[in-house]
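Annotated in TrEMBL:
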- 30-51: transmembrane segment (TRANSMEM)
- 227-247: transmembrane segment (TRANSMEM)
- 254-272: transmembrane segment (TRANSMEM)
- 310-331: transmembrane segment (TRANSMEM)
- 352-375: transmembrane segment (TRANSMEM)
- 447-474: transmembrane segment (TRANSMEM)
- 495-517: transmembrane segment (TRANSMEM)
- 595-618: transmembrane segment (TRANSMEM)
- 630-657: transmembrane segment (TRANSMEM)
Amino acid sequence: MTRVKFAPPTPRKYDANFKGPIQNRGCTDIICCILFIVAIVAYFAVGILAWSQGDPRKVIYPTNSKGQFCGQAGTELQTKPLLFYFNIMKCASPLVLLEFQCPTTQLCVDTCPNRFMTLLKAKVVPSDWNYYKSYCKQGVSDGMVNILKNGLCPAMLLPSKPLTRRCFPALSKQGQQVLVGNQTTFNDGRGNVIQATDLIAGVQNASIVMEARQVVMKIFEDYTHSWYWILIGLVLATIISLIFIVLLRFLAGIMVWVMIVLVILVVGYGIVHCYFEYAALKNEPGSNVTLQEIGFQTDFSVYLHIRQTWLAFMIILAIVEVIIILLLIFLRKRILLAIALIKEASRAIGHVMSSLFYPLLTFLLLAVVIAYWAVTAVFLSTSNQAIYKVFNETACEYSRQNCDPANFSTSNIKTKCPDSMCLFAFYGGETAYHKYLIGLQFYNVFLFFWCANFVTALGQMTLAGAFASYYWAFNKPKDIPACPIFASLGRALRYHTGSLAFGSLILAIIQVIRVLLEYLDYKLKGAQNKFAKFLLCCLKCCFWCLEKFIKFLNRNAYIMVAIYGKNFCTSARDAFFLLMRNVIRVAVLDKVTDFLLFLGKLLIVGLVGIFAFFFFSGRVKAFESTAPTLNYYWVPILTLAIGSYLIAHGFFSVYAMCVDTLFLCFCEDLERNNGSEEKPYYMSVELRAILSKSEDSTFHGQEVPFQ
């Protein structure tokens with residue numbers, strides 16, 4: 001049997017008819033194109049199904065024992081926004097943490113009780129009884145008997161305060177004693193004396209399932225109070241990025257050095273600021289508590305009052321500062337070459353100015369993808385049906401079984417278990433739709449990654465085609481086609497949707513696997529199997545590296561697809577071996593340019609972040625009356641930092657894509673041509689000086705290390 005040997009592609013030869021991105025091309029990766037279209041159609045079907053079944057009110061409003069929403073506008077309960085528990089002590093059961101519902105009757109009320117009162121004492125005084133009835137089920141009258149036995153009213157009322165739209169006992173401390181209504185004990189209405197400390201477990205279990213929601217609601221409230229300032233900050237980041245890019249177009253060399261100096265100064269200022277904060281807390285009470293002792297706090301501002309926090313920030317920034325300075329020292333010669341390459345990229349962008357505004361289209365498409373995914377996820381997670389279960393105080397064979405509240409009072413269960421109640425337990429379902437709900441959520445996540453990667457890939461191929469048109473124009477700008485961005489976008493969508501879908505599918509699969517590994521890591525946090533933890537850590541590391549490699553390969557594959565119009569696999573292979581034949585140039589030049597552009601992103605994030613910190617934290621008196629009052633002032637700061645980075649990344653990605661495209665075209669140019677009159681180079685004289693040690697040593701396709 002003969003052995004088949006894989007041979008790498010040979011360098012392309014001179015072709016007199018080659019004038020840049022090939023116009024006469026056909027559709028590539030048609031199967032992937034069809035698969036992507038089918039997946040998108042199915043994604044719309046999932047969204048329509050979710051929107052028809054889901055109900056976001058389940059997230060917004062608390063639900064009473066009948067499954068009704070408290071405080072919902074347009075219903076009889078719109079004036080009763082708070083949820084009241086008949087017996088908060090029932091929430092101390094471990095069942096709460098399993099079913100996320102307290103096994104006690106829950107009513108929608110307009111206000112929480114503000115006094116201590118038992119049912120027996122309330123019935124004696126008419127005014128107290130009228131007040132007490134507002135916390136009983138509808139239909140309770142003065143002459144009714146067995147009110148407590150039939151579960152029509154709570155045995156007692158406790159002074160309570162609303163928390164996340166729920167009434168919880170107003171517990172307080174006097175020394176080491178726990179008080180409720182200024183009392184350490186109280187009568188439960190059945191003759192039992194209850195300690196106030198016994199309420200703690202019930203309150204904790206009832207609130208533990210709502211703690212995350214409380215944080216989310218506070219964050220949402222902060223967004224409602226600061227959204228316009230966040231919007232102004234993002235617009236400011238956009239203006240700064242655009243000004244920086246425009247200045248980079250005309251003053252590339254000066255702007256790069258200004259950028260380097262400013263990054264060092266901004267990080268240095270961060271170190272000095274952290275030191276002053278650290279020193280200012282020296283004599284403050286409680287500031288020497290360690291982060292390990294304080295544990296996790298939902299109010300992140302607590303950490304800013306601890307010296308160890310500022311010490312950690314100072315050390316991290318100092319390490320970053322040292323790394324940046326050392327890299328600049330060791331790469332000083334490469335930086336000069338990278339600056340020259342950025343200048344060449346600036347000339348290319350100057351001839352294709354519309355490329356600076358293309359990231360706006362990418363932002364818009366990504367916003368649509370993210371919004372569709374988020375809305376679909378919310379509707380899917382709220383598309384369960386209300387499930388009612390049997391709750392009882394004595395032994396009952398039907399305990400925790402499903403029930404129907406409509407006919408429960410006349411059912412066989414009520415006859416055999418007189419003290420049982422049919423209460424709302426949670427949202428679920430047993431239909432085929434509900435059984436496959438987790439699969440629909442997974443499909444939603446997978447299509448989110450696929451579509452987001454497709455949008456990013458479309459932008460990369462569009463920019464690559466436009467900048468390749470610039471490079472392969474022999475007489476610049478005369479031979480540059482009109483509207484290169486629109487022409488390249490049209491070619492990408494018309495001929496290479498399948499290739500874009502193929503590359504983004506591979507990346508989406510890897511990203512979903514990484515999400516699953518993170519989920520497994522979360523589930524195994526309490527496990528003692530060290531081998532499983534080690535194996536999981538190795539897998540996470542491997543797939544992280546694989547994702548980075550696939551992104552790098554896809555990026556260069558899209559450049560080759562934009563130029564030659566071949567399928568994804570062929571283009572990826574050609575790009576990979578072309579880079580391997582020029583591996584030294586890739587290592588010492590292309591990556592140094594990426595590092596300089598990354599510093600530009602850090603500068604914009606640093607400038608916007610510092611301004612946001614002083615504005616929202618109220619550290620500057622001039623902003624105290626203007627800045628909104630927030631629960632967590634880190635919410636808008638973090639949002640602006642992330643948003644500024646994404647905006648800066650979008651604008652700088654144009655430069656990065658231009659550099660990568662010019663670099664790949666340069667390597668192709670060296671292999672196709674030799675600089676003679678018959679085979680002239682398409683590269684400019686400046687680019688030739690940048691990427692070659694000398695014309696005689698490198699213009700024959702030989703790999704020569706730069707000095």
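Just so it is clear, glycine is given a Cβ too, placed from its N, Cα and C backbone atoms.
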Contact between the transmembrane segment (595-618) and the transmembrane segment (447-474) (at least 3 Cβ pairs under 8 Å, separation 6+): no
Ranked first among 254-272, 447-474, 495-517 for CB pairs under 8 angstroms with the transmembrane segment (30-51): 495-517
Intrachain residues whose Cβ lies under 8 Å of the transmembrane segment (254-272), provided they are six or more past its termini: 244, 247-248, 313-314, 317-318, 320-321, 324-325, 328, 335, 339, 342, 596, 599-600, 602-603, 606-607, 610
